[in-house]
There are 2 protein chains.
Amino acid sequence: MGLKFELLKTSGNARRGRIYLPHGVVETPTFMPVGTNANVKLMTPKLLDEIGAQIILGNAFHLYLKPGLDVFRFHGGIHNFMNWQKPVLTDSGGFQVFSLREGRKITEDGVLIRSPLDGSKHMITPELSMEIQHAIGSDIVMAFDYCAEPGISHQDAVVALELTSLWAERSLKKLRSLSDQAIFGIVQGAFFKDLRLRSAKEITSMNFDGFAIGGLSVGEEYDITLDMTKFTAPLLPENKPRYFMGAGSPKLIVDLVDSGIDMFDSVLPTRVARHGQALTWKGKLNIRSAKYKFSKEPIDESCGCYTCKNFSRSYIRHLFDRGEVLGQILLTIHNLHFMMDLSKKIRESIENDTFQELRGEVLKYYA
Amino acid sequence: MGLKFELLKTSGNARRGRIYLPHGVVETPTFMPVGTNANVKLMTPKLLDEIGAQIILGNAFHLYLKPGLDVFRFHGGIHNFMNWQKPVLTDSGGFQVFSLREGRKITEDGVLIRSPLDGSKHMITPELSMEIQHAIGSDIVMAFDYCAEPGISHQDAVVALELTSLWAERSLKKLRSLSDQAIFGIVQGAFFKDLRLRSAKEITSMNFDGFAIGGLSVGEEYDITLDMTKFTAPLLPENKPRYFMGAGSPKLIVDLVDSGIDMFDSVLPTRVARHGQALTWKGKLNIRSAKYKFSKEPIDESCGCYTCKNFSRSYIRHLFDRGEVLGQILLTIHNLHFMMDLSKKIRESIENDTFQELRGEVLKYYA
């Protein structure tokens with residue numbers, strides 16, 4: 001099918017891998033920047049390329065609403081549309097089942113969701129999700145799933161799990177009928193180990209090209225996130241990539257890699273950048289602070305990004321102080337570069353069997 | 001002093017010149033992008049360099065308020081502060097005498113202006129303006145002037161003119177005592193030719209390094225702007241650069257060059273970009289229009305900018321439709337590139353004595 005995965009090396013549970021996709025090779029572990037509306041906020045594709053992004057995310061549901069499938073078909077897919085010629089992964093809309101709860105209606109057929117743009121109602125089925133992701137032309141398609149909310153009862157979580165399995169089967173069948181794009185199945189099961197076990201068994205019994213752990217990092221305690229991941233990851237086949245959906249904090253990322261995860265994504269690094277928070281090798285830094293008014297230092301002296309090589313904390317603080325969007329642009333460049341640098345250092349440390357030292361270093365600054 | 005000007009060629013009244021400044025050479029005629037708060041909105045210095053900007057503007061009054069002179073002194077000037085190593089021109093705050101009329105108080109000493117940031121009152125004198133521009137370290141300093149409003153009576157315009165001449169003298173004296181930065185005098189006189197004549201005589205009698213025409217393009221009829229410029233420009237010495245303050249429309253620019261002007265600036269190209277308006281060689285284009293939903297064409301097929309070489313109207317329209325700032329960034333790149341391209345074509349046409357053909361071409365699309 002549309003993906004080849006090589007597991008190059010392991011070090012403890014950490015995995016160094018390589019994914020071959022139609023638009024290029026992805027070295028894992030890797031962070032994937034999120035580009036919900038066919039752009040990573042404030043970043044040109046050229047800048048994304050310069051910070052070393054290997055693969056970015058798109059959002060099937062949002063792209064279905066705008067610009068719409070006719071536009072993607074007209075352009076022959078998202079790569080031409082946004083002129084990003086490296087791999088793209090699209091989520092299925094399953095997360096919107098979780099995030100757009102108001103007015104939604106779930107049936108065996110699919111989910112009725114209200115558009116956050118105009119309130120219009122849209123029935124999203126596994127089949128429609130596949131048609132959307134086919135039109136978008138992503139390198140990796142995600143099965144349509146039911147991402148349950150924290151606090152869900154065991155009984156309700158069973159329903160969500162069963163729908164997820166049913167929809168996974170329909171997603172796989174539909175996509176294979178449409179294209180040879182790669183598709184990942186998603187393991188759900190909320191915060192119940194018996195359900196995680198059952199979901200993993202059911203989902204991995206299907207012929208997906210990779211597997212994701214969904215429904216975590218949605219508001220629950222950190223220890224639960226990690227406990228569930230450490231329980232679930234070993235249930236996934238070794239010879240296929242493993243993707244944890246929605247992880248962007250350096251602490252969580254090193255702990256996920258330590259649990260055998262290969263891929264992770266989050267809006268966090270770009271969102272906090274727009275609010276003035278920089279991620280550095282010595283922890284977080286709030287550039288709005290008055291203490292940087294007279295600082296000639298870069299955000300992170302060990303960083304090689306465009307922002308750190310050219311601008312002082314003093315200047316970036318001034319831009320935020322005056323509400324100049326260039327400040328947000330410069331911090332977005334830095335934070336994404338940091339995430340790619342972190343990914344690269346993780347890969348190197350697995351190759352050199354020094355991952356635990358790196359993890360310890362990160363955890364020292366990100367508690 | 002801090003400037004050398006060569007008049008390389010004339011073609012009719014149009015002038016092809018070259019200004020040597022501490023941070024580089026400026027080929028004229030040229031458009032100068034405006035960077036009020038020590039940044040051209042949405043543009044990194046790298047992007048400014050790529051679109052061919054030769055010199056940018058800063059705003060003395062705004063920079064005095066934020067980040068403040070202590071920050072400029074700490075960094076050794078604006079070039080290091082914003083990491084822009086090409087020439088910078090600063091306006092004197094005189095335009096704020098015009099634009100921040102509410103609560104202002106004008107005396108012979110200077111002008112009491114209210115901060116648009118917090119309402120605090122600031123007494124700006126010619127001497128303070130020079131101290132500010134000295135701390136900023138611009139390549140070209142502007143004398144502190146009194147930019148009068150349209151509709152001003154002849155009697156009041158005389159007062160403004162006399163203050164402008166008085167302040168010009170004090171500006172020149174003060175700056176020469178501080179540094180060897182280049183300084184331009186500003187001719188005022190509102191919309192009265194006798195006053196323009198008198199102001200030009202008084203200002204050009206002082207040993208400025210260049211001269212600006214101020215107080216035009218502030219809301220009056222187009223024909224008056226042009227009539228006043230055509231009357232005033234020949235009153236300025238041939239061997240020094242001539243700067244028309246506040247011109248950003250392609251039509252006005254070719255008409256100003258036709259009147260013997262060398263330099264012009266405006267926020268217009270960047271401001272309209274943020275609202276979805278592109279400047280092209282076939283006129284203005286509103287990218288928000290539904291008719292571009294299915295357009296694979298670039299903004300301007302004859303344009304060589306990053307935006308036009310990489311993105312379709314369809315994609316940029318989508319970004320504006322979704323409120324993604326990347327759309328504004330891409331149009332800002334394009335519009336500034338267009339202005340620099342227009343400047344370059346104007347220079348070439350003067351060299352080749354084909355300026356009138358170029359002007360005719362521009363006026364065909366910009367009425």
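Yeah, the Cβs are placed from backbone N, Cα and C, and that goes for glycine too.
Zn(2+) binding, as stated in Swiss-Prot, involves A:C303, A:C305, A:C308; the candidate among A:H275, A:H334 given for that site is A:H334. The annotation in Swiss-Prot ties A:D91, A:S92, A:G93, A:G94, A:F95, A:D145, A:Q188 to substrate, and of the candidates under consideration, A:G68, A:G119, A:G210, A:G215, the one tied to the same site is A:G215. Of all ranges given (A:135-139, A:235-239, A:270-274), Swiss-Prot attaches the label region 'RNA binding' to A:270-274. In this structure, the C-alpha atom of A:H334 (Zn(2+) binding site) lies 17 angstrom from that of A:D265 (active site, nucleophile).
Within 8 Å of the centroid of the Cβ atoms of A:D91, A:S92, A:G93, A:G94, A:F95, A:D145, A:Q188, A:G215, where the record puts substrate, the same chain has further Cβ atoms from A:Q96, A:V97, A:F98, A:M142, A:A143, A:F144, A:Y146, A:C147, A:I186, A:G214, A:M245.
Looking at A:F95 (substrate binding site) and A:D265 (active site, nucleophile), their Cα atoms lie 13 Å from each other. Residue counts for the region 'RNA binding' (A:270-274) by DSSP state, with H, G and I taken as helix and E and B as strand, are 5 helix, 0 strand, 0 coil.
When the recorded positions A:D265, A:C303, A:C305, A:C308 are compared by Cα distance to A:G94 (substrate binding site), the shortest distance belongs to A:D265. Rounded to a whole number, the distance between the Cα atoms of A:Q188 (substrate binding site) and A:C308 (Zn(2+) binding site) is 40 Å.
The least crowded of the binding-site residues A:C303, A:C305, A:C308, judged by other CB atoms within 10 A of its own CB, is A:C303. Across the structure, A:S92 (substrate binding site) and A:D265 (active site, nucleophile) place their CA atoms 14 angstrom apart.
For A:Q188 (substrate binding site), other Cβ atoms within 10 Å of its Cβ number 30.
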